[in-house]
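A.B. asks: One structure, as structure tokens, below. Some questions next.
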């Protein structure tokens, strides 16, 4: 009852609770929050205190003293640390309602990976309720991504969407507001970073952090040969000498480093195409595959998939926010037509 | 966006007027590529390529795909993707009426709009409506409660008068024992509360002039009523505890405005009905012309404003 009263002063939120970033979309206001899913926790007299959340906490990753731990509470698209996720959600929900006089109690729609188990879904639902939400709805990530990318999901034509997130890559074939086929592989932006770290250690004998690897990926990373070669100066700790050394990496090297995770994504996309019903496969062959998620920003990844599958591949506008925006639209759809977009 | 349009200026003037499809077609012909080659490289059918070059955008399953194909096409021809997309936006906003409803989303525009939205977070109109409604409810509630409390007092006053009359009637019958009277009146009307019994007790204390007056009144109730109309009304108050008192009579004369100490009693004369305001209702005992008046406090309010002797007197 009290929650409902507080709800009058809260907005409906669509949350893309991702492994790497959490985005919140509010109806009529757009994306209001885009922060890394990182929480820094300070141990104080045996109790845990949240030190920082989001951007601030991410800056602390790998740079913390003994009593502070910066953790990412989500792993592979699902909750790894229930309590910390709850705290993080609470912080984000409050941040969105900064000018509110009341403690917010919004209706919340959260995107979940399509192959998440009942236990994982329940964990997400419970943590959102614990964070103060008065009603929690779940939607499959690729469905939200497809709606956010502007695909006509309600029509009787097949659309294929590949959402390359931080922890997972979700592949789904969608028709008539439902997911016909879906697959999820635990390869995403994090695996790209890891691959770069490993490559640098192997070939340069130097250790770099995840944050540096991410910067390398964003600045010179590419998925398909042929475009101009870019370079970047990187500093890392040399394993043999034990002192920081500077060296230069180029985009061809990064392409080589990313071969393994990229091959995994290509393989998953191919197997999805293999298993799609023939009518939908022909629809997809005609219109093409749509890429969303942060991974879609990797240079020339569309060309790689296009080359490998022989289909046109399109990167959606603003791929990072597709899922959150799609979730917002899905909430409107659910309200208007009283349908549930969670097919499983 | 302005930077992009500036980049286009080195190209011929007439090129600026071309539609996105026409521009791409012209560029393709200049680079000596045929439709089949381009369609194969873009992995789209030749009919789709033709649709793209003739700006027949309704043949595509959504804006996402149109923009995607245009990007891929311009990349293939090594053109500036954003410049080609800008042409598309201009074309759509200029030509298609439908586009007025579905305005093409420009990524940069979206981002800047988001930034603006993030800066100002307005209080939604719903919140204002909620506040106004809440205020209205509170005002109405107070108004209703006020009128309800005065009505309640009027009722209790009339009930108390009836009880008083019952007491005087029993006096006429000659039962002068005060204790008996109190119990009888209590039996006659179960509404009478124990504290009222005390009030009845007080009324029939054998103070000489009062007894004479009640007996005279008892001899003929109607005549007594008529007499009382002419004679000034008497309001007696006793206080078990400290109580603020404000009393004015029908002429508007203020009879008392003062704080009464515990255990004090006052007798006021004036014309009924009396407007009474008591600061501590529970501590006060009222009697009008010797007839006790029961006052029930409304809710938890200690203070009460009411009228005594309005209807029957």
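Glycine residues also receive a Cβ, built from the backbone N, Cα and C atoms like all the rest.
All TrEMBL annotations are machine predictions without curation.
What TrEMBL records for A:19, A:20, A:21, A:166, A:167, A:168, A:214, A:215, A:216, A:217, A:294, A:295, A:296, A:297 is ATP binding site.
Looking at the shown structure, can you explain where the listed features end up?
C.D. replies: The Cβ of residue A:216 (ATP binding site) has A:196, A:208, A:232, A:234, A:249, A:254 as same-chain neighbours under 8 Å, each 6 or more residues away in sequence. DSSP classifies residue A:216 (ATP binding site) as helix under the three-state reduction.
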A.B. asks: Count the other Cβ atoms sitting within 10 Å of the Cβ of residue A:294 (ATP binding site), across every protein chain shown.
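C.D. replies: So the number of other Cβ atoms within 10 Å of residue A:294 (ATP binding site) is 23.
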A.B. asks: Please classify the secondary structure at residue A:19 (ATP binding site) using three-state DSSP.
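C.D. replies: Going by the DSSP assignment, residue A:19 (ATP binding site) belongs to neither helix nor strand, so it counts as coil.
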A.B. asks: Quick one: what's DSSP say for residue A:296 (ATP binding site), helix, strand or coil?
C.D. replies: helix
A.B. asks: Is it possible to get the count of other C-beta atoms within 10 angstroms of the C-beta of residue A:214 (ATP binding site)?
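C.D. replies: The answer is 20.
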